[in-house]
Every structure is written in structure tokens, then in C-alpha cells.
Amino acid sequence: MNSLLMITACLAVIGTVWAKEGYIVNYYDGCKYACLKLGENDYCLRECKARYYKSAGGYCYAFACWCTHLYEQAVVWPLPNKTCYGK
């Protein structure tokens, strides 16, 4: 019984730790949202929270906004059948 309880607790922890993350993307052209200030960034945080209401954070990584703690159905880069200006 204790083993079953421990396994259930571990699975619950793993599920909360492995939340979805990804680059915020423009639905129309498939491009990532660009940013210049790397690291913690108010612009990226604001955009992530505006697009994905339950997003816990966002920062600039590789000159694009990276959103953290997203819900599983969140749409992130790359979009299927969408290329950023043919790139």
C-alpha cells in the first residue's frame, strides 16, 4: 500500500515538473516573437501571459520569446504547414 502511494505521489510531481514550454509564435506567418534583450525580459513575460493566460513566465532565449509552464494544448513554434517567410 505504501509503495502504491509513493508511486502515485512521484507521478504527480513529474506531471507538474514537466510542463510544456516553447517559443511563442505568430499564427499568421509562423514566425517566433523576436526580442533583443536576452534573459529575463518584461516584453516576453507580458506576451507569454497575454497569449497563454496560465503561463508562469517568459524570457528571451536565442533572440526569441520562450514561454514556460504552458498548458498541454498550447500552440508553440514550429507550426505545422507554416514557415516563417519561407525559411
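Indices start at 1 and increase along the chain as displayed.
Placed from the backbone N, Cα and C atoms, the Cβ positions cover glycine too.
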CYS65: disulphide-linked cysteine among CYS31, CYS44, CYS84 [source: Swiss-Prot]: CYS44
Of the candidates CYS10, CYS60, CYS67, the one sharing a disulfide with CYS35 in Swiss-Prot: CYS60
Spatial neighbours of CYS35 (disulfide bond), counting only the disulfide-bonded residues CYS44, CYS48, CYS65, CYS67, CYS84 and Cα distances within 10 Å: CYS44, CYS65
Between CYS44 (disulfide bond) and CYS67 (disulfide bond), the C-alpha gap once rounded to whole angstrom: 8
Cα-nearest neighbour of CYS84 (disulfide bond) within the listed disulfide-bonded residues, CYS48, CYS60, CYS65, CYS67: CYS65
